């Protein structure tokens with residue numbers, strides 16, 4: 001054992017050094033081991049040599065790279081921005097210096113935050129303004145603005161704009177807590193109301209919820225009511241007779257009419273003008289045809305010779321439509337110069353109808369021949385007295401431009417269609433909108449009443465023709481008629497046994513009104529078909 005200990009001592013002595021600790025210097029192994037005296041050598045079992053443990057690698061602390069200097073923060077102090085090197089809101093000696101981390105906000109983020117706060121304030125202001133009660137009478141609005149110390153009107157300001165300005169002003173005062181000023185102004189208005197009425201210094205202006213019509217419109221409504229009652233009675237009597245009379249074979253009559261329509265063929269072709277034609281109309285007896293073109297000139301043609309009879313010149317812009325009177329040989333033309341004009345068959349100008357604020361689209365006569373309907377891109381359609389040239393009715397109701405118009409064969413109803421993809425039916429005797437026909441997905445350009453009294457056809461830019469049942473107040477049938485927009489729709493004017501549509505796909509098509517199946521396709525045009533008309537003997541014309 002002594003030999004083993006000596007070997008252990010000698011082997012330990014051969015090690016150069018050991019590491020005691022990380023923070024103490026390295027010392028010699030001889031200093032830490034005490035030598036024992038040698039004993040007598042006795043034989044013993046030789047043990048394998050003990051492998052000394054490997055000293056751990058000393059960890060050397062390396063200094064970290066210094067952080068880049070940060071720009072000083074601008075902090076408001078006493079209304080001024082001062083630079084600060086600290087990340088905390090407190091000073092270096094403050095108690096909360098290391099409590100919460102502080103982040104630097106860039107200029108762009110600050111501007112975005114300010115815009116968001118401003119938008120939120122405006123939204124809250126508008127919501128608060130919407131909840132306030134603001135007078136609707138313009139005189140009351142002016143009076144309240146005057147009592148609040150604001151100008152009663154601004155340059156170019158309208159009634160609704162003035163009312164909106166008052167609403168925002170009241171909302172601002174309410175947000176600032178100045179309700180006393182509002183209440184005081186309201187009390188002054190209530191106190192000044194009876195006084196103003198007693199003194200009669202200011203003229204009281206009443207704003208009804210409807211537009212009052214003139215006496216001429218009232219008389220026209222009475223005339224239309226009398227005319228339509230007689231026509232409706234005759235139509236119903238004829239329908240009952242056809243239904244009850246055993247000698248009347250309605251199916252055979254319809255088949256004969258459809259056979260006549262199916263045998264339609266091109267009779268003639270004539271160059272109508274040096275510019276494209278935009279409208280056409282047959283006279284009641286079918287002996288004359290009127291056309292209008294984009295150069296503003298309308299022409300009369302004798303039929304069936306197709307010889308030019310007269311030229312109607314007077315419009316300063318392109319012509320948009322032409323219509324023959326159902327009673328006399330009067331012709332009405334519409335133009336983009338915002339006017340409609342009435343002519344006789346010799347080409348003399350009789351009346352000019354002025355009043356629309358934008359270009360005209362379609363034009364139509366009332367069945368009595370006494371009234372004329374016009375549509376315009378000013379979102380209105382108007383009714384005119386043919387004899388006096390007076391504007392009887394200015395009818396709004398469409399949210400976009402009004403394009404097509406048609407009168408019921410009884411004379412009691414009018415239908416209008418427009419670029420808002422909507423068709424409306426109006427009662428001319430009361431002035432009410434009795435039906436709003438929704439179904440087209442694009443602007444509606446054509447509308448036509450059937451002589452049976454309860455069918456209405458519309459066509460538009462969605463390439464479809466819809467048949468509406470006025471009794472059921474819904475769409476009865478949808479005809480996928482053409483491959484391009486439908487520019488005009490017309491029922492056969494005597495019994496309505498068939499329907500004709502014109503399209504920009506260069507064709508016109510005839511459809512059965514019994515099952516709305518195609519009867520005939522009229523081809524021959526090389527460009528868009530812009531209009532068509534059907535005369536009583538089932539002949540058809542289109543430019």
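Backbone N, Cα and C atoms are what each Cβ position is placed from, and that goes for glycine too.
The region 'Disordered' feature in TrEMBL is assigned to 1-24 (among others).
The compositional bias 'Low complexity' feature in TrEMBL is assigned to 8-21.
What TrEMBL records for 62-111 (among others) is region 'Disordered'.
Residues annotated as compositional bias 'Pro residues' in TrEMBL: 65-74.
Sequence annotations record features per position, and here TrEMBL assigns domain 'Pre-mRNA processing factor 4 (PRP4)-like' to 136-189.
Marked as repeat 'WD' by TrEMBL: 312-344 (among others). Sequence-remote contacts of a segment are chain residues at least 6 beyond its ends whose Cβ falls under 8 Å from one of its Cβ atoms, and for the repeat 'WD' (312-344) they are 275, 278-284, 288, 290-300, 350-354, 356-365, 367-369, 372, 374, 376, 384, 386, 389, 531.
Across the repeat 'WD' (353-394), mean pLDDT in this model comes to 94. Among the features that TrEMBL reports, repeat 'WD' is placed at 353-394 (among others).
Per TrEMBL, the feature repeat 'WD' maps to 395-436 (among others). Secondary structure of the repeat 'WD' (395-436) per DSSP, as helix, strand and coil residue counts: 0 helix, 23 strand, 19 coil.
The feature repeat 'WD' is assigned by TrEMBL to 437-478 (among others). Secondary structure of the repeat 'WD' (437-478) per DSSP (helix as H, G, I; strand as E, B; remaining residues coil): 0 helix, 24 strand, 18 coil.
Annotation comment: TrEMBL describes 479-521 (among others) as repeat 'WD'. Long-range contacts of the repeat 'WD' (479-521) within the same chain: residues 253-254, 257-258, 261-262, 264, 442, 445-452, 455, 457-467, 527-536, 538, 540, 542, each at least 6 residues beyond the stretch ends and with a Cβ under 8 Å from a Cβ of the stretch.
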Using a Cβ-Cβ cut-off of under 8 Å, list the residues of the same chain that are 6+ residues beyond the ends of the repeat 'WD' (437-478) and lie near it. 232, 235, 239, 400, 403-410, 413, 415-425, 484-496, 499, 501, 503, 511, 513, 516
Just give the helix, strand and coil counts over the repeat 'WD' (312-344), going by DSSP. 0 helix, 17 strand, 16 coil
Summed over the repeat 'WD' (479-521), the DSSP helix, strand and coil counts are 0 helix, 22 strand, 21 coil
